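**Q** Handing you a structure now.
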Amino acid sequence: MEKTSEVEGTVRNILEEETLKWVFVGGKGGVGKTTCSSIISVLLSQVRSSVLIISTDPAHNLSDAFQQKFTHTPILVNGFTNLYAMEVDPVAEQENPSGSDGMEKWFSELAGAIPGIDEAMSFAEMLKLVQTLDYSVIVFDTAPTGHTLRLLQFPSVLEKGLAKMMSLKSKFGGLLNQMTRMFGMGDDFGDDAILGRLEGMKDVIEQVNQQFKDPDMTTFVCVCIPEFLSLYETERLVQQLAKFEIDTHNIIINQVIHDEEDVESKLLQARMKMQQKYLNQFYELYDDFHITKLPLLPEEVTGVEALKAFSKHFKTPYQPPCSTDPEERLERRVLGLKQQLSEAEEQLAIIRKEKA
């Protein structure tokens, strides 16, 4: 059971959805999430006024993908006029808050008393920054699945945490005011300042949470490879996204080995057979998803030009070159064997030279 429809085999539905504001790209570690999110952002930059791609993976790879150094503030990607990139680490940024004043330190320490809210608050601050910069669409290159699910829980974690903090403030507000006056801390720590800060953050989170659950504004792209663990992780991710009420209808299956010619290698034959089994399972499980298959390449996709070249497979289903002409197939096979022989002779010459 294999889909060949151009609409179902591409990510064009994402490019054509003009109301999309947030695009998350995630999956198991090592399946090519960064390459896929980078290419999706490149394609979106062709149809949108301004695009921002954010890496929330502590092991950042965006700089490697574009071959350009990015930081925690948006930087224009070389070769583009409307594509920006930034790399953020919620934990690191929370450990080193940008503000050095007493209010920031006190707020950070208070947040630390509620499990999970420290990362969530950093995430909220980042979202507040992103919203003020007013990008047409934001693409998230997320960390492996477990971290991604925690990231998507941040809005609800923050809502609960801020509600808790505000209840504490209402109970101990009077005491807090007396203490701040006693220690001469000034109005920064007064009821109004704290309440204003909490309310401001709560408003941002409620707005973002609402947007995340709106399928017209948010979608999640699952990236995987045709193997058992990746299939299992994708199913877990899809189930959790449904639980969080976050839309997902695109799956990218990366590193697919295509039978482009007569394959002599028994290892490759075995891998192709194994992959086909899991590809069939993907199509059975997600028959209503847009499934994009990407070929396994002999080299890495790095640099703007390589990303642009590979992006064609995101818009048009990959078709491996093949020929039914026996003579042409034999000629290709002979050419491949000659190349292998030439490489083997070069290696043999190097070994003999080292021994001499």
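Backbone N, Cα and C define each Cβ position, glycine as well.
So TrEMBL lists these for the protein:
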DOMAIN    21-313  domain 'ArsA/GET3 Anion-transporting ATPase-like'
BINDING   Lys28, Gly29, Gly30, Val31, Gly32, Lys33, Thr34, Thr35, Glu227, Asn254  ATP binding site
ACT_SITE  Asp57  active site
COILED    327-354  coiled coil
**Q** Among all chains shown, work out which of the binding-site residues Gly30, Gly32 has the most CB atoms within 10 A of its CB.
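**A** Ranked by Cβ atoms within 10 Å, first place goes to Gly32.
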**Q** Among Lys28, Gly29, Gly30, Val31, Gly32, Lys33, Thr34, Thr35, Glu227, Asn254, the annotated ATP contacts, find the widest CA pair distance and round it to a whole Å.
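**A** The span, Cα to Cα at its widest, is 19 Å.
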**Q** Can you count the other CB atoms that lie within 10 A of the CB of Lys28 (ATP binding site)?
**A** 22
**Q** Are there residues of the same chain, six or more positions away from Glu227 (ATP binding site), whose CB falls under 8 angstroms from its CB, and which are they?
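**A** Residues satisfying the criterion: Met274, Gln275, Tyr278.
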**Q** Please compute the mean pLDDT of the model over the coiled coil (327-354).
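**A** In the predicted model, the coiled coil (327-354) has a mean pLDDT of 80.
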**Q** Tell me the Cβ contacts of Thr34 (ATP binding site) under 8 Å, same chain only and six or more apart in sequence, or just say none.
**A** Ser55, Asp57, Asn61, Leu62, Asp64, Ala65, Asp141
**Q** State the count of C-beta atoms found within 10 angstroms of the C-beta of the residue listed as 'active site', not counting that atom itself.
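**A** Cβ-Cβ neighbours of the residue listed as 'active site' within 10 Å number 24.
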